[in-house]
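Colleague: Below is a structure I'd like to ask you about.
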Amino acid sequence: MPAKLSVNLNAIAMLRNRRDLPWPSVTGLGRAALAAGAAGLTVHPRPDQRHIRFSDLGDIRALIDDEYPQAEFNIEGFPSEAFLDLVEKHEPEQVTLVPDDPMQATSDHGWDFMSKADFLAPIVARLKGRGMRVSLFADPDSLGYERAKAIGADHVELYTGPYGATHDDPAAAARELDRLEKAARAATALGLAVNAGHDLTVDNLPALVKRIPQLAEVSIGHGLTADALMYGIPVTVSRYITALAG
């Protein structure tokens, strides 16, 4: 089965927030993505609400519950108490925990599972106790996947930023694919499902899914939104679903 596509809405929200106006509609374009076949929607609310606003979460939750109950809501973020309160209020199907500083522009590294296990374990247990699946953001050369499994993670999300950065260097892309494939095999052997995200495009997805056929889900925002400016949301989502099919 091809990996599922979760459309990250942060870039759409950032464009909306350039003006004190309700468009482009985050929920409206999320609806268009789901109608076109996306399996879910992803958001990464940050404390300053510079793109996704806390008020968006209830709207997206209602959209999925009322119109696309087979779809999934994935909320990403650093597990501060404020973040945990948000996810417990809106009950996404999946929570992706990332080690970001709140002021980072975007996620750029995975967890150090060895040093953060004691911090993460009770948080993972708390979220799973509320019925949420937990994914932990991971570097593809992490030495701590065994610890991630012991912490209680259901999935790891492989950070694919370095792979995305090799768009003009085939040799470097091949090296990054080797790292990602090795990491995915290690995670799968431990019983962890494998997600991926960051700088994925219709051009680099086919090679990734060929090397990681067990890939469960990709979360894509920037590249997909950029393509949507040219092709529109429905056509763009269809192109990404085709790319995921290899």
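The backbone N, Cα and C atoms fix where each Cβ goes, glycine too.
Marked as active site, proton acceptor by Swiss-Prot on the basis of sequence analysis: His44, Glu76. According to Swiss-Prot, the feature active site, proton donor maps to His198. Residues or ranges marked as 3-amino-2-oxopropyl phosphate binding site by Swiss-Prot on the basis of sequence analysis: Asn8, Arg19, Asp199, Gly221, His222. The feature 1-deoxy-D-xylulose 5-phosphate binding site is assigned by Swiss-Prot to Arg46, His51, Thr106, with sequence analysis given as support. The site 'Transition state stabilizer' annotation in Swiss-Prot covers Glu157.
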Colleague: Using Cα coordinates, what distance in whole Å links Arg19 (3-amino-2-oxopropyl phosphate binding site) and His51 (1-deoxy-D-xylulose 5-phosphate binding site)?
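Modeller: Approximately 12 Å lies between the Cα of Arg19 (3-amino-2-oxopropyl phosphate binding site) and that of His51 (1-deoxy-D-xylulose 5-phosphate binding site).
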Colleague: With the 3-amino-2-oxopropyl phosphate site defined by the record as Asn8, Arg19, Asp199, Gly221, His222, how many Å span the farthest pair of C-alpha atoms?
Modeller: 26
Colleague: Restricting the comparison to the recorded positions His44, Arg46, His51, Glu76, Glu157, which residue's C-alpha is spatially nearest the C-alpha of Asp199 (3-amino-2-oxopropyl phosphate binding site)?
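Modeller: Its closest listed neighbour, by Cα, is Glu157.
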Colleague: Filter the recorded positions His44, Arg46, Glu157 down to the ones within 10 angstroms of Asn8 (3-amino-2-oxopropyl phosphate binding site), Cα to Cα, kept in sequence order.
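Modeller: If one measures from the Cα of Asn8 (3-amino-2-oxopropyl phosphate binding site), the recorded positions that come within 10 Å are His44.
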Colleague: When a 10 Å sphere is centred on the Cβ of Asn8 (3-amino-2-oxopropyl phosphate binding site), how many other Cβ atoms does it contain?
Modeller: 27
Colleague: State the count of C-beta atoms found within 10 angstroms of the C-beta of Glu157 (site 'Transition state stabilizer'), not counting that atom itself.
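Modeller: Glu157 (site 'Transition state stabilizer'): 28 neighbouring Cβ atoms within 10 Å.
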Colleague: What Cα-Cα separation, expressed in whole Å, is found between His222 (3-amino-2-oxopropyl phosphate binding site) and Arg46 (1-deoxy-D-xylulose 5-phosphate binding site)?
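Modeller: Cα-Cα, rounded: 16 Å.
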Colleague: When the Cα-Cα distance from His44 (active site, proton acceptor) is computed for each of the recorded positions His51, Glu76, Glu157, His198, Gly221, which gives the smallest value?
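Modeller: Nearest in space to His44 (active site, proton acceptor), counting only the recorded positions, is Glu76.
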Colleague: Within a 10 Å radius of its Cβ, which of these recorded positions (Glu76, Asp199) has the fewest neighbouring Cβ atoms?
Modeller: Asp199
Colleague: How big is the gap, in Å, between the Cα of the residue listed as 'active site, proton donor' and that of Gly221 (3-amino-2-oxopropyl phosphate binding site), rounded to a whole number?
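Modeller: A Cα-Cα distance of 8 Å.
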Colleague: Just to be sure I understand: of Glu76, Glu157, Gly221, which recorded positions have a C-alpha no more than 10 angstroms from the C-alpha of Arg46 (1-deoxy-D-xylulose 5-phosphate binding site)?
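Modeller: For Arg46 (1-deoxy-D-xylulose 5-phosphate binding site), the recorded positions whose Cα atoms are within 10 Å come to Glu76.
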